[in-house]
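Student: A single structure is presented below for examination.
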Amino acid sequence: MHAARYRRLGITDVMAQKGFEMCRRATQRTGEIEYATTLLLPRELRVAIWALYGAARTIDDLAEESANGVGSERLRAWIRAFEQDVRHGGSEDPIRAALLHTASTWHLPPDYLRSVFEGQLADAAGHEFASWDDWYDYVALVNAPFVIQTASMFVQNSGLSVSLQQEANTLDVWQNLARAINLTDALADLGEDCAHGRIRLPAEALNRFGVRREELLEGGTPPQLPTLVHHLTGTARKWFANLPQLPPILHPAMGTALTCYIDLHHLLLDAVDHQADNLPCHRITVSTRQSRRLLLTARATTSLAWALFPSPLGDISFHHLAPRVNASVAFQPVATSQRQVPRLGGTPTAALPHVLPRHVAIIMDGNGRWAADQGRPRTDGHKAGMKALDDVVNGALEIGLSHLTVYAFSTENWKRPAAEVNALLYTLPHDMLQENAARWHERGVRIRWSGQRAGLPLNMFSILTSLVEQTRHNTRLTLTLCVNYGGRAEITTAASRLAADAIAGRIEPNSVGEALFATYLYLTDLPDVDLLLRTGGEKRLSNYLPWQTSYAELMFLDTPWPQFDRQALRSAIEVYMQRTRRHGAAEAPQATSV
């Protein structure tokens, strides 16, 4: 196993590395078209598709065993184990570990995987397609989600803040592509499937052309079979002709890869037509000579495109990545009773009395102005800000807060000078965030990340995902880092995912309420903010947590962030506890004496 290949992509979990390699081999072995096409894509997208395909191959094999009466419980056990893995945030099974990593990295909606599992369970029960409608429903349940999620990853890789528009006509186009792929595979596998006692074509199609299912399963070649096959290959070609229109912002190499993928399927359809008179008992494949000629052209085109227009995620030199937290730190869960660490030169402050805010959110503003006032570069301000954050986290632990969320890098921060962005997303995470995080972990801090995957440099993404994984068992304080975060993008992305589920019939539109909508946000269990602080003198919210701050108490401080410390946090909370929170209700009337 080439573990280094996956470590360079920020995949540090050994079990996930093993799983990705197993998925790569499964894709190469059984998905010749899929594997060849993934080699045209950026590496981070390539391995994600391997994981999706490899997991699908695994459960498909289990479904086939179940359909044959062998190990019917194995598929259900695998699905139950995956559901437990999702709850625990990790897996001891390599394939499931790779699938979990991919689902987390690319924000795949849980219903995507659930629908695939439901379809595979139907397959395991020996589901036959009586009509085209039955077949369409199966493709919509199992194949279409894979196609749509892969297309969404294409778009995310290009730096868009939201996935593909989930309008009905857009979904229809991608559904047609999924149908074309499934029908082509069913025709290529027809001889082999018949030898194993199954046919993945609707009985309605067979009956129309007078092809008897029993004769096919017995190994016969009905005279009407070539006519049926030619009709179905023509149907698949019509669906392929309705090529989905990818967003113009998409990298040109992505379009080339998609076109190559479809062209390879056209070659496969040609091969099926050529052997329609005498279908073999094995899968029909494209000739090596034909596929090689097509792939050589596609590789040359995509290589030139990547050279001329580097990918937002794929153009980073792997030699400059820092995908792992300091290897010298042995991360283990920390008990909640662990001692508090005193401030440098001082002692821990006593926990505040009365009712503490459950969730404090901070806009860490003023680093640049603080540095300018001292005649220093803005990057020095951000370094000082990292030190201030370390002190504030220690203060939150001493006070007894349960949730602290900080605005570290917004989607609007990309407009800043390149040197400053580089410091925020490359230098500081490597030099300071990991160092601070190691100490926080020792003190029982659970680290989480909220923000967009699209556009985030691999080094920052690798560090964030590693910290999330390595501190997930800690319970003293949940520290959420908002990196590449925008509040409107969070809400529109949630709305897009919810709309997709409504269109697919997985939810009823009249059942949508605040609680359901919140499950589509980046972090579904992030509690509402009680106290929102902004340092640096500005009095605006800057697109920060609009959903979670609806009833938050707001506090704007002139103190620049590098000068904010644990005592300032304590003072702000003391002011908060003197306020009366009514959440929109009227003020209670004063009692009067009689």
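Positions of Cβ are set from backbone N, Cα and C atoms, glycine also.
The following feature annotations were taken from TrEMBL:
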- D365, E553: Mg(2+) binding site (BINDING)
- D365: active site (ACT_SITE)
- 366-370, R378, H382, 410-412, W414, R416, R534, 540-542: substrate binding site (BINDING)
- N413: active site, proton acceptor (ACT_SITE)
Student: Fewest other Cβ atoms within 10 Å: which of the binding-site residues D365, E553 wins that one? Let me know.
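Tutor: It is E553 that, of the binding-site residues D365, E553, has the fewest other Cβ atoms within 10 Å.
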Student: Return only the integer: C-alpha distance in Å from E553 (Mg(2+) binding site) to T411 (substrate binding site).
Tutor: 24
Student: Sort out for me which one of G366, G368 has the most neighbouring CB atoms within 10 A, since those are the binding-site residues we care about.
Tutor: G366
Student: Ten-angstrom check, please: count other Cβ atoms within 10 Å of the Cβ of W370 (substrate binding site), all chains counted.
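Tutor: A count of 24.
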Student: Looking at the recorded positions H382, T411, N413, W414, R534, whose Cα is closest in space to that of D365 (Mg(2+) binding site)?
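Tutor: Comparing Cα positions, the candidate nearest D365 (Mg(2+) binding site) turns out to be R534.
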Student: Taking the Cα atoms as reference points, how far is R534 (substrate binding site) from N413 (active site, proton acceptor) in Å?
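Tutor: The Cα atom of R534 (substrate binding site) is 16 Å away from the Cα atom of N413 (active site, proton acceptor).
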Student: I'd like the Cβ neighbour count for L541 (substrate binding site), meaning other Cβ atoms within 10 Å of its Cβ, all protein chains included.
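Tutor: Result for L541 (substrate binding site): 17 neighbouring Cβ atoms inside 10 Å.
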Student: Do any residues at least six apart in sequence from the residue listed as 'active site, proton acceptor', in the same chain, have a Cβ closer than 8 Å to its Cβ, and if so which, in order?
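Tutor: Expected: V421, L424.
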